[in-house]
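Colleague: Residues annotated as domain 'Aspartate/glutamate/uridylate kinase' in TrEMBL: 1-253. Annotation comment: TrEMBL describes 5, 6, 7, 8, 9, 63, 190, 231, 235 as ATP binding site. Feature annotation from TrEMBL assigns site 'Transition state stabilizer' to 14. For 62, 67, 169, the entry in TrEMBL reads substrate binding site.
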């Protein structure tokens, strides 16, 4: 099984004031995913495996479709009871926004011939203090067994302590990977991996090829690009929890044509490994 993350910074124009899709990246990535699945099909000798060939799970971020509304309404922050009506509206707006993006992502994959099935986190997850408390994976596993490609995404959810929370795509990956033990996790972002400086601001940033502890990052500037789900540092923390269980991940640049396809095909590509 492979878990593939399509970062919101890649499939949307994340800094856009209004929700905006990066269709160039999205359509290309959908094509690369289809090429990967076709390659698996062509390599299968046993026809009985053709409908169960992929074992691929896709998780995508929210980018400009979720972060602005979640931040505006303070979803995931504590609030007074008299604020609850407004918070519920903000919760609904945020879910509606990320669902729109999921529909667009799913349509792009379907147009390429990928049999996807969206699984909304808000309908199957409950959190406790912003961490996943319960998540019934039976449906996800059944769809995967039948040859579908489940598509999950960062979303809002009910929380037993703070009532309303945001669950990032990276936390979703952490949870399902710890339960399903995938052979590979690939995280596609809009940079080559983790750098000692923000590569979008500094030309002399150095790529960190491997991270095994948060201590490795103490000397680096990770304060930039922080969003409601934690930005790069939040991503690394989630992946390090998996590394403790022996599950390795790689952060790569999904903005580069062909790189996700190469990663899926187990080719050595530039990026940052998160491992123990």
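Including glycine, each Cβ sits where the backbone N, Cα and C put it.
These figures come from a predicted structure and were not determined experimentally.
Can you tell me where each of these features sits in the structure?
Modeller: In this structure, residue 190 (ATP binding site) belongs to neither helix nor strand by DSSP; it is coil.
Sequence-distant neighbours of residue 14 (site 'Transition state stabilizer') (same chain, 6+ apart, CB under 8 A from its CB) are 8, 63, 64, 67.
Around the Cβ of residue 169 (substrate binding site), a 10 Å sphere holds 27 further Cβ atoms from the protein chains shown.
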Colleague: Write out the long-range same-chain contacts of residue 9 (ATP binding site), meaning residues 6 or more apart in sequence whose Cβ is under 8 Å from its Cβ.
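Modeller: Same-chain residues close to residue 9 (ATP binding site) (Cβ under 8 Å, separated by 6 or more) are 61, 63, 189, 190.
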Colleague: Long-range neighbours only, meaning 6 or more apart in sequence with Cβ under 8 Å: which ones does residue 235 (ATP binding site) have?
Modeller: 170, 187, 251
Colleague: Near residue 62 (substrate binding site), how many other Cβ atoms are within 10 Å of its Cβ?
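Modeller: Counting Cβ neighbours of residue 62 (substrate binding site) within 10 Å gives 31.
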Colleague: What number of additional C-beta atoms lies within 10 angstroms of the C-beta atom of residue 190 (ATP binding site)?
Modeller: 20
Colleague: Would you kindly give the Cα-Cα distance separating residue 5 (ATP binding site) and residue 169 (substrate binding site), rounded to the nearest Å?
Modeller: 8
